[in-house]
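*Asks:* What TrEMBL shows for this protein is this:
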- 62-83: transmembrane segment (TRANSMEM)
- 148-165: transmembrane segment (TRANSMEM)
- 177-196: transmembrane segment (TRANSMEM)
- 216-240: transmembrane segment (TRANSMEM)
- 261-284: transmembrane segment (TRANSMEM)
- 318-337: transmembrane segment (TRANSMEM)
- 349-373: transmembrane segment (TRANSMEM)
- 379-396: transmembrane segment (TRANSMEM)
Amino acid sequence: MVCIIKLRPLSAQLITLRIPLSGEALAPYRLLHSTPRQRGGKPAAHRRRWPRLVPGSAAERLVGRWLLVCSGTVAGAVVLGGVTRLTESGLSMVDWHLVREMKPPQTQQEWEAEFQKYQQFPEFKILNHDMTLREFKFIWYMEYSHRMWGRVVGLAYVLPAVYFWRKGWLSYSMKGCVLALCGLVCFQGLLGWYMVKSGLEEKPDSHDIPRVSQYRLAAHLGSALVLYCASLWSGLSLLLPQHKLPETYQLLRLRRFAHGTTGLIFLTALSGAFVAGLDAGLVYNSFPKMGESWIPDDLLSFSPVLKNIFENPTTVQFNHRILGITSVTAITALYLFSRKIPLPRRTKIAVASLMAVAYMQVGLGISTLLLYVPTPLAATHQSGSLALLTVALWLMNELRRVPK
């Protein structure tokens, strides 16, 4: 190739220079004037800055581990919240500030000021009117621990999510999932304060002890369980390789059975929120009968009848018993049905673990009832419901359909 350069000096004729150019000399020219396209014909402006998240990659495994850690922090919040409810500590902090309340009272004057704020609300006036400052500090620190752990949960979701997003380690579908999870975390914090406010309100027409609304308590627990299940499922789906099981009719029935059983376990755990909210575990402390009869006389004593399901402590405990017995029966049937189907070893372990945890949970529930709901045993029973739901989700993940 020849480059032609024409020069016209001030006092001379036009001069033409012909300079031969090699391939190396043309390289800068090509670099400056070539179109911004990369291999495959895609413009450079649309090129990804970071590696794409491919199945089985190190980035995918890292995201999966992060989601499992997040589900673990949610589990810790659920357990700590249960202990806070059992120790009747949830109404000790009478206001909510995102940043300011992170620093607890330091001096005697600050503690006395905090105690005086608590004394203005119904729980102190009706239930704890003889409480000392030392006793108040215990319940205050219980609620404080629960709130601070909630902030840890929020940071565990939001900060790594921002990092993984900027790195390009989240697929398109995973971005939507992560946004939903982070939004649910924020909603969970607001719902927690909304629940606490229901126990701080003056109720002149009520003769009951001050407590949070069982409806708001169930909503708070339910949203936490949804957050936990979604995080755990997403993490397991990224980490556990799928089994290439033959799509037989028996396998389809087993998969549907597992889904229905998991839904039943979730519903049973949610009904436990109504038991805790109404202190229904202290109504009939006998098993298998409720008092002297199988069906208590005050089962439908409220009017209208539908009100009994959510507000009558007797009916709430009765429903929780029925749901628990139905759940363990369904799990037993699921285990027996699974033995007729050839399954991978890991799936068999999941089925056996589900039945073992189910019977352990039933034993804990009966013991908690007969011993008049001691706090350590009741907290273990509440944690057991989360463990049972965890194993059920693991089994569902083992049985999930391989995408074509």
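For all residues, glycine too, the Cβ spot is worked out from N, Cα and C.
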*Asks:* For the transmembrane segment (216-240), which partner among 62-83, 177-196, 261-284 gives the most CB pairs under 8 Å?
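*Replies:* Between the stretches 62-83, 177-196, 261-284, 62-83 has the largest tally.
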*Asks:* So what's near the transmembrane segment (349-373) in sequence-distant terms, Cβ-Cβ under 8 Å and 6+ beyond its ends?
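*Replies:* Distal contacts: 86, 281-282, 284-287, 324-325, 327-328, 331-332, 334-335, 338, 343, 380-381, 384-385, 387-388, 391-392, 394-395, 398.
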*Asks:* Grab the same-chain neighbours of the transmembrane segment (261-284) for me: Cβ-Cβ under 8 Å, and only residues 6 or more beyond its ends, written as numbers and ranges.
*Replies:* 82, 85-86, 211-215, 217-218, 220-222, 225, 229, 290-291, 296, 310-311, 313-314, 316-317, 319-320, 323-324, 326-327, 330-331, 334, 368-369, 372-373, 378, 382, 385-386, 388-389, 392-393, 395-396
*Asks:* Where among 177-196, 318-337, 379-396 do we find the most Cβ pairs under 8 Å to the transmembrane segment (62-83)?
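*Replies:* Going through each listed stretch, the top one turns out to be 379-396.
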*Asks:* Below 8 angstroms Cβ to Cβ, which residues of this chain, lying six or more residues outside the transmembrane segment (379-396), approach it?
*Replies:* 75, 78-79, 82-83, 86, 225, 228-229, 232-233, 236, 255, 258-259, 261-262, 265-266, 268-269, 272, 276, 347, 350-351, 353-354, 357-358, 360-361, 364-365, 367-368
